[in-house]
Every structure is written in structure tokens, then in C-alpha cells.
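Visitor: My structure is below; once you've seen it, I'll send some questions.
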Amino acid sequence: MISQQTIDIVKATAPVVAETGPKLTAHFYERMFNHNPELKDIFNMSNQRNGDQREALFNAICAYANNIDNLAALLPAVEKIAHKHTSFMITAEQYQIVGGHLLATIDELLSPGQEVLDAWGEAYGVLANVFITREEAIYQENEEKTGGWRGTREFTLIEKTQESDVITSFTFKPADGGTVSNFKPGQYLGIYLTPDAFEFQEIRQYSLSSAPRTDNYRISVKREEGGKVSNYLHNELTVGDTVQLAAPAGDFFLDVPATTPVTLISAGVGLTPTLSMLDALTEHQASVHWLHATENGSHHAFKDYVNTLADKYDHISATTWYREPLATDRPAEDFDYQGMIDLKAVASQLIDPAMHYYFCGPVGFMQHVAKQLIELDVQEDNIHYECFGPHKVL
């Protein structure tokens, strides 16, 4: 338990910390990487350069300080972050390193005095223990599953399939010939890469793009312009190569009774977690609607597969939007609507108040979808979404 004195001090000084803004997290990361450069093998340095990770940390610090007397309000965020941490193999010792640099940053930028530093130190220790406990439980759960493991495990690339001009699928099988653990549709894998051309080890999370299988995992990756890892996977990784994988994780997953209707909404490579869900919903007892937006036919991954499912199963329907169709793209055959996703076009399919919505894509797209769902009076508990990269509140 956190002492009342600590709660009072943290809440009183939280506005001062908040006013420091991005300067605080920039100083923190610079300090930490200077003193502990080995952590560059864990943190996504691309997210450091674009500021996403700094923003995420700053938001987390402010949220914790503002809710220090109501930790239950933080549990959803704790669950999301804890799953991500397990895919990075974060350890209790690393929490000590981070805490030390966070307190030193507050001291160096604000000079608040020892009493304030002690209060923030106590508060950080309590939160760190919450994460350490939850993450250890996830590690144990992953290890105890049939086909499960702790840490990383060597896998061999057995199939590489181009799904569109920008998306390629990679299927991995355990190098030891064993089985793989089950996962929940919507979850992701952590992949660890250390090519000679990389300055640091690179760790990325990619959504699993099929329903669970017993002997392999499939991810589908978009080639990002300037993306170090995605371009390496597309250009360099070949069948027979090996990689290290962390066990599946993630708090965004299909979790509804078989009688609950579901709508899956995606844009671009955001279809990967929802495709895993669709793959698992072929025997669902309620309606399933697949709504997907992409640039045009050359970017449209898994078109034939999704259409085959929609033709085969009466409870599955599929609707597609192309933002800028090519001259060769045929309306009503290759796509249904032009432009951005407009849920009014399929409003008759979305009238059941029990329906759950799962969506993923670029942040702007998800904000667009969330706004429309709210306008349709969809209950917040029925809305689920995933951000690729640091989480953002829509």
C-alpha cells in the first residue's frame, strides 16, 4: 500500500512534472541510454526517433500520478503494457534501472527536494511491483502451456508468401520440431532479429494472421518505407532462415460467446489481427461482418481468401472500400465502395446492440471508425481496438 503522505506529495507535484512535458522523457531516455546502452537492444529505436515512445511514457507517468489513489483505474493499461513487456522479455532488474533514471531525471530537471524524490520513489516501486507480478504470471502461463516456452525460442521460416504489393506472410515452425502453444486470435508474436547490418538487436511485434495452428505461426508484414525491420524481412529473410520468437501475447483478442454478433473493421495491414479472428469465426453461431479499407487492388491482401469464406459461410459477409481504385479495379467485383469507410453504408448490418466491434489500422483511421461507432450509439464495452506501436487513446 502507498502511504497517504506519498499520495499527497505525488498528486501535489504531478502538475509540475506534467508541465515539464516531453522534455522530461527526452532527458530520461538520453540519460538511460548513456548509462545503460545495452537497453538499446530492447527498446525500439525507431519509436525513439519519431517520439512515439517518449509520448507514451509521458502519458503513462501522468496517468499514474493522477490515479495514484485509484490504481484500479489503471488496470486495463497495466494489462496492455504487461503483455507488451513480456514480448520484450522485460526483467525485474530492468525496472530498477528505469526507476533509478526516472528519479534522477526528476531531480536533475526539477530539483524538488529529497521528500518529493522519496515519495516518487515509493510510488514507482509500488507500480513496478504490480507490473513485475503480472508479467511473471504471463511468463509462467506461456511456459506451462502445451508447446509453450519462456524467453525466446528458435523458429525456422518454412513459407514466405506475397499477399499484395506491400504485404508478405511469413510462416515459422519450431526448429526443435516441437508443437507451438495456442494463442487467442488477435494476439501478436515478438520477433528478435540480429543481422550483421543492424547496429542493435531489433525486436518487433507482429500480429498473428491466422487462427491457431498446432505446429506453426504465421505473421503478415507490411513493407514500410524506410522501415529497417520490415524491409529486412521482405528483402533478406528467406525460407530456411531461423529467427528467435517470444511466445504470443497481447490484450487485444477475440473474446465473445458464440452467439454474439461480431464486426471486424480494418485498414491496410491492420487486417492481420482481424483476419486471425475471422479465421477463428467460421463456426460462429451469430453474424460476422468483415469491413476492410485499402488503397486499391494492388494493396488488397487476402482478398480471395476472405471472399471464399464469405461465399462458403452464410453467417459471414465481406465489404470492401478502395480509397483510390486503379483503372483495373472493378466496382462491385473487386471492391464495394470508394473512399473512406462509412459505416452508414452498412448500417442495416450493425443494428444489433449486442454486437461487438474489433478494429485495427492507422491511428487516423481508427479515430474515424471510433467516432462513427459512438454516433451509432455503440456501447463503449463493445468497442475493442489495437494500435500498432505505442498505445494511443482514441
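Even glycines carry a Cβ here, placed using N, Cα and C.
Owing to the predicted nature of the structure, the values given are computational and were not obtained by experimental measurement.
For reference, Swiss-Prot lists these features for the protein:
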type	residues	note
DOMAIN	1-136	domain 'Globin'
SITE	Tyr29	site 'Involved in heme-bound ligand stabilization and O-O bond activation'
SITE	Lys84	site 'Influences the redox potential of the prosthetic heme and FAD groups'
ACT_SITE	Tyr95	active site, charge relay system
ACT_SITE	Glu135	active site, charge relay system
REGION	147-394	region 'Reductase'
DOMAIN	150-255	domain 'FAD-binding FR-type'
BINDING	Tyr188, Arg204, Gln205, Tyr206, Ser207, Cys387, Phe388, Gly389, Pro390	FAD binding site
BINDING	Gly268, Val269, Gly270, Leu271, Thr272, Pro273	NADP(+) binding site
SITE	Glu386	site 'Influences the redox potential of the prosthetic heme and FAD groups'
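In the displayed structure, how are the listed features positioned relative to their neighbours?
Guide: The Cβ of Tyr29 (site 'Involved in heme-bound ligand stabilization and O-O bond activation') has 18 neighbouring Cβ atoms from other residues within 10 Å, across all protein chains displayed.
In the three-state DSSP scheme, Lys84 (site 'Influences the redox potential of the prosthetic heme and FAD groups') falls into the helix class. Annotation for Lys84 (site 'Influences the redox potential of the prosthetic heme and FAD groups'): same-chain Cβ neighbours under 8 Å, separated by at least 6 residues, are Gln205, Ala249, Gly250.
Less than 8 angstroms from the CB of Tyr95 (active site, charge relay system) sit Ala128, Phe131, Ile132, each of them six or more residues away in the same chain.
For Glu135 (active site, charge relay system), the count of additional Cβ atoms within 10 Å of its Cβ stands at 24 [all protein chains shown].
Taken through DSSP, the domain 'FAD-binding FR-type' (150-255) splits into 8 helix, 46 strand, 52 coil.
A 10 Å cutoff on Cβ-Cβ distances gives Pro273 (NADP(+) binding site) a total of 29 other Cβ atoms nearby, all chains included. In the three-state DSSP scheme, Pro273 (NADP(+) binding site) falls into the helix class.
Glu386 (site 'Influences the redox potential of the prosthetic heme and FAD groups') falls within a strand when secondary structure is assigned with DSSP.
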Visitor: Which residues, sitting 6 or more apart from Tyr188 (FAD binding site) on the same chain, put a CB under 8 Å from its CB?
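Guide: Ser87, Gln205, Tyr206, Ser207, Leu208, Ile219, Pro248, Ala249, Gly250, Pro273 - these are the non-local Cβ neighbours of Tyr188 (FAD binding site), listed in sequence order.
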Visitor: What whole-number Å value do you get for the CA-CA distance of Leu271 (NADP(+) binding site) and Glu386 (site 'Influences the redox potential of the prosthetic heme and FAD groups')?
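Guide: Leu271 (NADP(+) binding site) to Glu386 (site 'Influences the redox potential of the prosthetic heme and FAD groups'), Cα-Cα distance: 11 Å.
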Visitor: Please identify, among the recorded positions Glu135, Gly268, Val269, Gly270, Thr272, the one with the smallest Cα-Cα distance to Tyr29 (site 'Involved in heme-bound ligand stabilization and O-O bond activation').
Guide: Glu135
Visitor: From the DSSP assignment alone, can you count helix, strand and coil residues within the domain 'Globin' (1-136)?
Guide: 116 helix, 0 strand, 20 coil
Visitor: May I have the list of same-chain residues other than Gly268, Val269, Gly270, Leu271, Thr272, Pro273 whose Cβ is within 8 Å of the Cβ centroid of the recorded NADP(+) site, in sequence order?
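Guide: In sequence order, the nearby non-listed residues are Ser207, Ser220, Lys222, Ser266, Ala267, Thr274, Leu275, Cys360, Gly361, Phe388.
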